[in-house]
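*Asks:* According to TrEMBL, the 1D-myo-inositol 1,3,4-trisphosphate binding site annotation covers 68, 109, 205, 237, 334, 338. According to TrEMBL, the feature ATP binding site maps to 144, 194, 226-237, 252. The Mg(2+) 1 binding site annotation in TrEMBL covers 317, 332. Annotated Mg(2+) 2 binding site per TrEMBL: 332, 334, in sequence order. Annotated domain 'Inositol-tetrakisphosphate 1-kinase N-terminal' per TrEMBL: 59-138, in sequence order. Annotation comment: TrEMBL describes 160-354 as domain 'Inositol 1,3,4-trisphosphate 5/6-kinase ATP-grasp'.
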Ligand SMILES: Nc1ncnc2c1ncn2[C@@H]1O[C@H](COP(=O)(O)OP(=O)(O)OP(=O)(O)O)[C@@H](O)[C@H]1O
Ligand SMILES: O=P(O)(O)O[C@H]1[C@H](OP(=O)(O)O)[C@@H](OP(=O)(O)O)[C@@H](O)[C@@H](O)[C@@H]1OP(=O)(O)O
Ligand SMILES: [Mg+2]
Ligand SMILES: [Mg+2]
């Protein structure tokens, strides 16, 4: 923000805050109806002041970890947003959500039951605010079993390619039961072992590759055991922001040959791939491996998943089975992924936010005051 604008903004916020304190004090001695009127007037005043000065179109309250703020709220996003009349405001977790704002949109990625309950309650009290995304829909993709269920149900097999999920097995407790369970399920080695629940912790991203069945009893349930699919070491990260899809290539785990499988035993933890992996977009790769999945296939997949999952902000990690042209597997779905690494994300994201509010206004013109 330029200095002049910054000062003007500070003055307005101070005026507004002063007004609110006075309002609060006055409210103590007035009737309930009057109190409510004061509150609405104060909210209108806030919107008018901010919108008058900056042609503000919408206020986005955000509740994100500091890591996410750093990777997502980059100056290029905040700058462009400001020019388009979008203001990002940090939500204060120590104060009631309803006392903050008013917000048009609440953008969030925090874990924990307490936060979920706060958001659910807020969503019910403030149906006029768009909460991105609904807590129960997010919860569904925080479990590695349920996250892939919708892809399996979709059964996409005739749309310029086939999309499935690797065969997998959930182990809830007893590690000693794993070798037998794997035999009964008929899973083929090697297997990728993934913690069942993704909770934003580093531990929930500690994955291992198991070469033999017996060593599987060394693993720590609850987990998902997933067949490893050779894919030539390249992964497609399909970013979804509302109706927009953007695909990037990332380096991934290399193929495991039959010989390697025969000559190895044990369970090997591998480093977190998504944060370590470099972009493979500019690498000189075998086109059979690096060719992007067909656009109509991605469009159908994204459209269906958006609807079934009830999410606007997510990504799909997809691999192509090595040696095939059109056999794809979805191996991971992430809520609100690292958009900061998506080329042009600042344009995509700001357009998305504006579009959301416009479509809401079209649906409910009464709220346009
Ligand atoms: N079934 C599989 N077959 C082959 N490679 C796999 C499979 N599952 C995972 N991988 C490899 O392991 C990496 C990490 O797996 P996954 O994406 O499931 O973990 P994650 O911790 O959820 O990652 P993220 O940081 O993207 O959330 C993948 O990017 C891919 O390289
Ligand atoms: O750290 P980044 O911003 O890049 O985002 C990563 C994000 O971490 P954050 O949301 O805590 O920041 C991860 O979320 P959790 O599974 O741990 O919830 C997961 O979505 C990764 O796939 C993202 O990396 P990407 O694969 O998109 O590059
Ligand atoms: Mg992943
Ligand atoms: Mg993931």
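Going from the start of the chain as shown, residues are counted 1 onward.
Positions of Cβ are set from backbone N, Cα and C atoms, glycine also.
Walk me through the surroundings of each of these features.
*Replies:* In the three-state DSSP scheme, residue 109 (1D-myo-inositol 1,3,4-trisphosphate binding site) is classed as strand. Cβ neighbours within 10 Å of residue 109 (1D-myo-inositol 1,3,4-trisphosphate binding site), excluding its own Cβ and spanning all shown chains: 20.
Annotation for residue 230 (ATP binding site): same-chain Cβ neighbours under 8 Å, separated by at least 6 residues, are 255, 256, 321, 322, 323. In the three-state DSSP scheme, residue 230 (ATP binding site) is classed as coil.
The C-beta environment of residue 332 (Mg(2+) 1 binding site), restricted to residues of the same chain at least 6 apart in sequence and closer than 8 Å, consists of 144, 147, 316, 317.
DSSP assigns residue 334 (1D-myo-inositol 1,3,4-trisphosphate binding site) to a strand segment in the three-state reduction. Taking Cβ-Cβ distances under 8 Å and a sequence gap of 6 or more within the same chain, the neighbours of residue 334 (1D-myo-inositol 1,3,4-trisphosphate binding site) are 141, 198, 314, 315, 317.
DSSP states for the domain 'Inositol-tetrakisphosphate 1-kinase N-terminal' (59-138), grouped as helix (H, G, I), strand (E, B) and coil, give 36 helix, 19 strand, 25 coil.
This prediction places the mean pLDDT of the domain 'Inositol 1,3,4-trisphosphate 5/6-kinase ATP-grasp' (160-354) at 94.
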*Asks:* So which binding-site residues out of 205, 234, 236, 317, 332 are up against ligand 3, CB under 6 A?
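*Replies:* What lies within reach of ligand 3, judged by Cβ under 6 Å, is 317, 332.
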*Asks:* Given a separation of at least six residues and a C-beta threshold under 8 Å, show me what packs close to residue 68 (1D-myo-inositol 1,3,4-trisphosphate binding site) in the same chain.
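*Replies:* Those within reach of residue 68 (1D-myo-inositol 1,3,4-trisphosphate binding site), by Cβ under 8 Å and sequence separation of 6 or more, are 109, 336.
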*Asks:* Measure from the CA atom of residue 205 (1D-myo-inositol 1,3,4-trisphosphate binding site) to the CA atom of residue 232 (ATP binding site) and give the result in Å, rounded to a whole number.
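*Replies:* Taking the Cα atoms only, residue 232 (ATP binding site) lies 22 Å from residue 205 (1D-myo-inositol 1,3,4-trisphosphate binding site).
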*Asks:* For the C-alpha pair, I'd like the distance in angstrom between residue 205 (1D-myo-inositol 1,3,4-trisphosphate binding site) and residue 252 (ATP binding site), rounded off.
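*Replies:* Checking the Cα atoms of residue 205 (1D-myo-inositol 1,3,4-trisphosphate binding site) and residue 252 (ATP binding site) gives a distance of 15 Å.
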